[in-house]
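What TrEMBL says about this protein:
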- B:302-333: domain '4Fe-4S ferredoxin-type' (DOMAIN)
- B:367-399: domain '4Fe-4S ferredoxin-type' (DOMAIN)
- B:6-24: transmembrane segment (TRANSMEM)
- B:68-89: transmembrane segment (TRANSMEM)
- B:109-129: transmembrane segment (TRANSMEM)
- B:150-169: transmembrane segment (TRANSMEM)
- B:214-232: transmembrane segment (TRANSMEM)
Amino acid sequence: MESELKVPTMAELSAAGQQPEVLFWVGCAGSFDDRAKRITKAFVKILNRAKVSFAVLGTEESCSGDPAKRAGNEFLFQMQAVSNIEVLNAYEIKKVVTACPHCFNTMRNEYPDLGGKYEVMHHTQFLGQLVEEGKITLEGGKFKGKRITYHDPCYLGRANNVYEAPRDLIKKLDAELVEMKNCKKKGLCCGAGGAQMFKEPERGDKDVNIERTEQALETKPDIIAAACPFCNTMMTDGIKNKEKEAIITVQDIAELIANAEEL
Amino acid sequence: MQYLPNILFVAALMAGIGFFIRNVKKLARNIKLGKKVDVTDNTSIRWRNMFKIALGQTKMVVRPISGLLHIIVYLGFIIINIEVLEIIIDGILGTHRVFSPLGSAYNFLIASFEIFALLVIIAVIIFWVRRNLIRLGRFIKPEMKGWPKTDANWILYIELILMVLFLTMNGADYQLQQMDATHYTKAGAFPISQFLAPFFNGMSIPSLILVERSAWWLHILGILFFLNYLYYSKHLHILLAFPNTYFGKLGPKGKFNNLESVTREVRLMMDPSADPYTATPEAENGEEVSKFGASDVKDLTWVQLLNAYTCTECGRCTNECPANQTGKKLSPRKIMMDTRDRLEEVGNNLDINKGIFKDDGKQLLDDYITREELWACTSCNACVEACPVSIDPLSIIMDMRQYLVMEQSAAPSELNNMMGNIENNGAPWPFNQMDRLNWAKEN
């Protein structure tokens, strides 16, 4: 039932004199990483199904600057931020939704001082709103009785206090939400933040993603739900390391919903 | 001669308070070595944070056992201070139990001080056991060796001794009251110290007076000593937790400040009509052009330095840190301890050299905090969340990374690759920006 994705770009809409309600900020992982692209597509399928008026920047999008800033390169971060803001402001963007908590945090908290003032939503918040407005209805049949544990991305949870939006969606899927011993405010990092994604970890006893995967496995889950493309990669690697990939999958909340709706 | 005790008391009190003022001045001078930062905003939220977090101990009880024990010691400290007020007035005027005319209210006060004194003794013993016998992980990390461990135990011993002296003083006083000794008016209720009676059995009035006076003097001298011990100890938190929670970070934890000096340069680069030859704002203000990020304590803000003095080395941050949990060298608590140690070193340098800093060839980076520690951070904010007094170790780590990257170009090579990619093709990986929408056409 693979129907073709409708992905309008800002350039196209603008040429046609149209303005979308919301800009979908795809992010670098969502654009280039093979695993994260599946999340992007799942989210777009839901947007198409709910007939949301949206657009992407496409080739006009560039890195939000988050990894540069967390690595200490404030200069590169601000160069990225200012040029992104120029593009966004030129298109008179008011509302942004993204599936990446790092882009979400940076655009929500660090762009305003540089002249980029938008309503920025994480895709789990946006999906929650679609459910509330009745634009998508979640029939949880497929996940009934499945044990799902949710891993809090640091940049969504502690950094921005978004703990319930993703959990509410999981509960609506009729799944059994099981919490890890470290969750919400005390959630343990996957190990990717602060630009760690792009380097080898320092010497230690074990990798952070293994520690977190062990916590997830303690809950005996069928699915580990993620809400960040980098967490997704780290947890998927952890599951492979533990040789559990045959019985446990790591899925983004958007994928769970797209799956439930058989999109 | 009859005024000798009063004179001695006033002299001890003035010496104690004098030294304390000297220490506070030094503390303020050291904190002011930090960069200016505007924290005059949102005063009502700041007051609320102080009342909730410092006064109300809301973050202490996240860990119920240590939280409850801490509240006992904290309440004991605050409540027993009312008794210290009476002791000071008695000492100056040569009176005895000057508040006793309060009658039944006085009995209630003394009784509650006694109950708290006993609870504090119990709590302090449990704290000591946790540190020295159970040896909880966070108390035996590498940065806790030596002085930090000694300091922690000394605080417990001093508190224990002060409480025992307080109860001994009351116990002897109670006996003297029973024996109708002159000067010892019948006042106060002694629900705890009355059980000390067996120790005083058969003692004459003069020996009881000797015990009571000794305990009274040692108690107040001990308090004056403890007051001056604070500056050299992690125990400084009993004072600084209040300003620190007031000046603590507001808003989302994920928001890192944008460097204004960088913003000016970026604007200049992005604005085609800007004249690069006009004077920069720094030059106009006659200020020194600041370096990017932090390599020493003077590059940090005064709030970050206040953070360092406030840290009581409880280790909740380090305990929650994903890097530390997986055996990396990074410990957020060590970041704070190192910052304080270096700041003290700079302060001592100023003392020795009459207020002018003499270069000692050292800095916070490398001499205290290693690069390996800084690069192990995932910026997950677990340490910031865990701190019961609103300390932000992450901000120091980030400022030091900025120095490494923007002043020294000393990022790990993989990160240089990542940043090179962002510069060249707008993504942390080497993909062409023109391929950004390819996913939409792939199946």
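First residue shown is number 1, and so on along the chain.
Cβ from N, Cα, C; glycine included.
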When the domain '4Fe-4S ferredoxin-type' (B:367-399) is classified with DSSP, how many of its residues are helical, how many are strand and how many are coil?
-> 17 helix, 1 strand, 15 coil
Is the count of Cβ pairs under 8 Å between the transmembrane segment (B:6-24) and the transmembrane segment (B:214-232), pairs 6 or more apart in sequence, 3 or more?
-> yes
The correct DSSP tally for the domain '4Fe-4S ferredoxin-type' (B:302-333) reads 20 helix, 0 strand, 12 coil
